[in-house]
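Chemist: Input: one structure, supplied below.
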């Protein structure tokens, strides 16, 4: 493992790979800072580029963007009292008061250093845990992989406000994955005589539609586009003082560990971990009563925890092929597009090992890039927030169209992107989450092939899913999760009445 | 807003039930397999679950509303919904015109028109941004990614 990690570092430090990691991180910080744009939108906008480069470089770009956007979300939380991403919601509780006290630079500096510590903790945990978990996952058989797909879908479906809607979205995704010529029997499925549907619905235009184009339509419909925010505060000193550093260190490490733990649980993410870390930091801090007035620990804990989730969320995605959150579900789709199939096999196949250890080493290096970007960009952060959405949104729409076209130089893919953009817009409007839909499309073929293989090997006996202990556990867990989240939904609805 | 959502859920659940039943019947015509699953079995399995989910959704809406919900469109902000619709139509027109007219000629108009639709006030700056963006993306795709965007009448 150690030798592989060293090889990973050498791979990451190749000039082009390193450049892509830097580019991804900087782009992530900018995208994360802009309210309304998330890391998943950023990943999708960069997909046409990802297609054209080597898999390791592409993954470093995506990981950089993932980590950068987590930190970037804190910039608008601190300067505007509006989180750039949901993961930065808890940061504004102490970040904005510190800005109001005239210490905007100090808050940004604390956020950058804490994000670095949280990210580093999570990258180390990723490097230590992922290879071990993959060893366990190598013993998985076809029934286990089928059950794992159902488990991933159940978890993703039950994280929203309405589990039934999440399940509907997920199963529609599974159904969409069946469109086209069946790989085994060569039979047309749901093409209805349309030749262009024979190759199935391509993932890139679907991703562009559901996550990026729908975002544009939604912001326009809400009338929420800004002319550019008036964040013109003087930023001041950015590098944290010794006193600030010693105050934030414990909160940041604890926040980072909480982030890793929450990130590993599929379907969760930074939005949950940031509040949990904030509460824990409030309890362990000597000045817990001052939280909310602009204390360093109040910024450090949520920022370290949301960056902590990055490495945590990558663990189930890399080892099992089940994403930890929405961004990693989009990342899973992106990996599928470039021909990388995450799962335990990646940890044993020579080509897979190169990619996996490039990610593990890259995640450590990206934290240093993010720290330098964060501290370096702090002075110009107010300018990033001045980019008007009235200009940004049409540009994103045009990039979506060109990106969908680049999939296979085919305007039919553009039509698919627009249709899924409208579908995604409607889904958002009426509370149907997009992540389970995409996960369904990605996991659909895996679930079908493993279901088929499991039934062939067991002479069409469905009991094979119960007699295999791992598969049985995953199926029971799926059922328990769905039942509990439906009960919780009903309770929440009753309380809100 | 809640009534609008419930009305939408009601309509969506009916569409879901009808669609899953139709697709089930379509999949049912596909050949089966003696071992494992045939090409139609997996879609049939998904359609069955979608049908059940549609029924659950329908029952939950009808029970929570104590009847069929009436659509409360009054609560939708029509002005902004109209703007979203214009944006969708503009995007669709951009896609339709890109092939015959070409990327280089359609994109600046699409961008400039959208800037104005969203209320961007600086017309000259907007036009400059639209042209620069179009050219940069064109060069990036054709020279770096080697993806040839539709040239249309310039071709």
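Cβ coordinates are placed from backbone N, Cα and C, and glycine is handled just like the others.
Feature list, courtesy of TrEMBL:
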- A:19-439: domain 'DUF112' (DOMAIN)
- A:20-47: transmembrane segment (TRANSMEM)
- A:59-80: transmembrane segment (TRANSMEM)
- A:107-129: transmembrane segment (TRANSMEM)
- A:136-157: transmembrane segment (TRANSMEM)
- A:163-181: transmembrane segment (TRANSMEM)
- A:201-220: transmembrane segment (TRANSMEM)
- A:245-278: transmembrane segment (TRANSMEM)
- A:355-375: transmembrane segment (TRANSMEM)
- A:395-423: transmembrane segment (TRANSMEM)
- A:467-487: transmembrane segment (TRANSMEM)
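Quick one: where do these features end up spatially?
Modeler: Only residues 6 or more beyond the boundaries of the transmembrane segment (A:20-47), in the same chain, are considered here, and those with a CB under 8 A from a CB of the stretch are 12, 53, 57-58, 60-73, 75-76, 80, 82-86, 88, 204, 207-208, 211-212, 215, 219, 224, 226, 229, 326-327, 329-331, 334, 337, 362, 365-366, 369-370, 373-374, 377, 381, 384-385, 387, 389, 392, 396, 399-400, 403.
Counting residues 6+ beyond its ends, the transmembrane segment (A:245-278) has Cβ neighbours under 8 Å at 70, 85-91, 93, 110, 113-114, 117-122, 125-126, 129, 151-152, 155-156, 158-159, 284-285, 291, 295-316, 322-327 in the same chain.
Taking Cβ pairs closer than 8 Å, the transmembrane segment (A:355-375) reaches residues 4-5, 7-9, 11-13, 17-18, 21-22, 24-26, 29, 55-56, 59-60, 63-64, 67-68, 71, 108-109, 111-113, 115-116, 119-120, 122-124, 126-127, 130, 238-239, 307, 310-311, 314, 318, 340, 346-347 in its own chain, all 6 or more past its ends.
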Chemist: Mark yes when the transmembrane segment (A:467-487) and the transmembrane segment (A:395-423) have three or more Cβ pairs under 8 Å (sequence separation 6 or more) and no when they do not.
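Modeler: Contact absent: fewer than 3 Cβ pairs fall under 8 Å.
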Chemist: Averaged over the domain 'DUF112' (A:19-439), what pLDDT does the prediction give?
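Modeler: Mean pLDDT across the domain 'DUF112' (A:19-439) comes out at 85.
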Chemist: When you scan the chain for residues with a C-beta under 8 Å from the transmembrane segment (A:201-220), skipping those not six or more beyond its ends, what do you find?
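Modeler: Same-chain contacts beyond the flanks: 36-38, 40-41, 44-45, 47, 176, 179-180, 330, 333-334, 336-337, 389, 393, 396-397, 399-400, 403-404, 407-408, 413-414, 416-425, 427-429, 434, 437-438, 441-442.
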Chemist: So if I exclude everything within five residues of the ends of the transmembrane segment (A:107-129), which remaining residues of that chain have a CB under 8 angstroms from its CBs? That is, six or more out.
Modeler: 5, 67, 70-71, 74-75, 78-79, 91, 94-95, 98-99, 235, 237-240, 244-245, 248-249, 251-253, 255-257, 259-260, 263-264, 294, 296, 299-301, 303-312, 314-315, 360-361, 363-364, 366-368, 370-371, 374-375, 378, 381
